[in-house]
Amino acid sequence: MVNVTLVVGITLWYAFNVGYNVYNKKLSNALDYPMLIALTSLGVGILYFAPLWALGLRKAPKLTPEDIKACTVLSMLHTVGHVGAVVAMSAGAVSFTHIIKALEPMFSVIFGILINGTSDPLKVNIWLVPIILGVGWSAVGSKIMAGQDILADINMTAFGGAMTSNVAFALRGLLSKKVKAESKSENLSSSNLYSILTLISFFLFLPFALVLEGNKLSAAWPPVENLEEIPEKILGIPVFSSTSLNYGYELVIYTGFFYYMYNEMAYLVLGEVTATAQAVANTVKRVVILLATVAFLGESMDVHKASGAAVAIGATMMYSIAKTKK
């Protein structure tokens, strides 16, 4: 029998993910403040879960001193990973960022060896080869076929941001498992752990974002010069603002809401399925995002980019499945 709740959950996860990527790109195109955009995305999430804790609709976690320290370290990594991804998507194409982020398993393997001194067998790690080749072909395949300089027109800011995000999130994933396994805190569910990371990350990053872009924003206020003509709808969602400034606020709110909710749904959904199903669901998610960037953001997807992405994403799924069966 079909698990209707799970199907709805996965559908919402994908929908929120598409919503975040589309709204975040529109916001980034309109406002050249990637640090503040990353900060507000975290802040809007706090406005969602804090009332749930305050009203008792969700049991608030009670952290031990040891877990507070551990969560602070995780939050630092979460901040770097989140900011890196936002910078990448602000500087370049969303599709390019997600193709580069398919390399995250490679860093997970490297850190697993360096930190835990363990490595998966060859039959698992062999899938890293097509992941790397697929990402490389997607990024420079068209230039190779045309006999051009492969580094020409590569957006190094987007590449650097995506790779930084890979490193940080691979470390976060590795250490998160350890925190969950060793935690003695009350009510530290996966959802609450993500909420804690969001809360700490916001306050950790707040001073940096203000120092880096606060004066720039203040000098340019109101920052409406690059705002596009206000559309009637985005992704079928009505736009309620009638002024450019309010439209900017609306983009900020939706971007933050979708960012938090897609992560919230991911934690809820992936906790209810097998590891193999997680691998498949994550793979389909990347495909959905790539298709969404073409459909809703007008990003190009030539045969080299598409074939490389298909190889990388497919190999990522096979790596994840092989890892569960080692």
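Numbers run from 1 along the shown chain.
Including glycine, each Cβ sits where the backbone N, Cα and C put it.
Database features, via TrEMBL:
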type	residues	note
DOMAIN	7-320	domain 'Sugar phosphate transporter'
TRANSMEM	6-23	transmembrane segment
TRANSMEM	35-55	transmembrane segment
TRANSMEM	83-103	transmembrane segment
TRANSMEM	124-144	transmembrane segment
TRANSMEM	150-171	transmembrane segment
TRANSMEM	192-212	transmembrane segment
TRANSMEM	251-270	transmembrane segment
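Only residues 6 or more beyond the boundaries of the transmembrane segment (150-171), in the same chain, are considered here, and those with a CB under 8 A from a CB of the stretch are 77-78, 80-89, 91-93, 96-97, 100-101, 103-108, 110-111, 139-140, 143-144. In summary, the transmembrane segment (35-55) does not lie against the transmembrane segment (124-144): fewer than three C-beta pairs, each 6 or more positions apart in sequence, are under 8 Å. Among the recorded stretches 6-23, 83-103, 251-270, the one sharing the largest number of Cβ pairs closer than 8 Å with the transmembrane segment (124-144) is 83-103. Here the transmembrane segment (83-103) has long-range neighbours at 21, 24-25, 28, 32, 34-35, 37-38, 41, 131-132, 134-135, 138-139, 155, 157-166, 168, 205, 286, 289-290, 293-294, 297, 299, 301, 305, 308-309, 312-313, 316, meaning same-chain residues at least 6 beyond its ends whose C-beta is under 8 angstroms from one of its own.
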